[in-house]
């Protein structure tokens, strides 16, 4: 039997994506100014980034990056366990651990890498199992597959389903893993109930709070703190640095013994160059602002309320989200692509989310809000969405990139 040719395979897959009108296109951003971004020579108001607190261009954050780069250079030059672990890395780990009320923290290059590291280091036996919400982020699901343990999934937010899956896999060590805030729906996991399930089934409870930390809870400490939980109930938690904190990278906080085990055994940690010290210095400045500036979260809450009230007034189907992620269901791919194009024509950049990222028939506009948005910009967006809906409803639809 002839060996499959990889070039022929990818050519066939490309043709299939073209036929399904699911080709993905990168849009090039020329410049950014707050929530405004220049694309193809036009300035658009963006409602599509994860810069929830507006920290990515904050003066103190940028100045910290510039100062550290002038002092330490552009990169860490080695992995953490060789000579890449700088004072800046240690300081940031301690700051985030203190902020979230955890004894220990460990920096990673990205949330995807961190999720792989956690599962690869902890679920190393064939009988081990990771039970997950069906709508968890791809990095959590892929991490289980790459770690080699068993993957069991339960219906979205279904606590009893999580219990059934754990009971059905009594052999081996177990982890119950969930997003804190779900990135495509914007809703929040029932963490208190899930923590009880994990305890009853002797499973380690792991929360990926990429979209919660900085936004929810006291001092922006995230979903876990907002639910009144801590390290006793959630022994490991993921924090990404590229969402509300406006930078890049990730941190796993947790029990000291667990974090030490990750540092000593997790291959994605051991065999990766450490984050640039300048980037880490910028994130440290962002963390301190996020802890201090409650006004950013207060403004976000006001903007979220204004958007939901306006969208509801005009008959849009909202999802159960009180977070900066505000999806508007459009149904078919052709509809959401036409809506997104109409909004761009009106001067707004809003992400069109379609299968396979979301289920068939659940395509949506993913509106994301920032503390830097103004009430006037939110109102203008709502009016533009209404106009886009009216235009799209009167024309034949065809999905496009």
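Here the Cβ of each residue, glycine as well, is placed from N, Cα and C on the backbone.
Cross-referencing 79, 183, 195 with the pyridoxal 5'-phosphate binding residues that Swiss-Prot gives (111, 112, 211, 240) picks out 183. Of the listed candidates (17, 24, 26, 27), Swiss-Prot assigns 24 to the same substrate site as 137, 357. Listed in sequence order, the recorded positions near residue 183 (pyridoxal 5'-phosphate binding site) (C-alpha within 10 Å of its C-alpha) are 137, out of 24, 137, 243. Within 10 Å (C-alpha to C-alpha) of residue 211 (pyridoxal 5'-phosphate binding site) lie the following recorded positions from 24, 137, 243, 357: 243. Least crowded of the recorded positions (24, 137, 211, 243), judged by neighbouring Cβ atoms within 10 Å of its own Cβ: 24.
Listed binding-site residues: 112, 240; maximum Cβ neighbour count within 10 Å falls on 240. Non-local contacts of residue 357 (substrate binding site) by the CB criterion (under 8 A, 6+ apart in sequence, same chain) comprise 184. Taking only the Cα positions, the spacing between residue 24 (substrate binding site) and residue 112 (pyridoxal 5'-phosphate binding site) is 20 angstrom.
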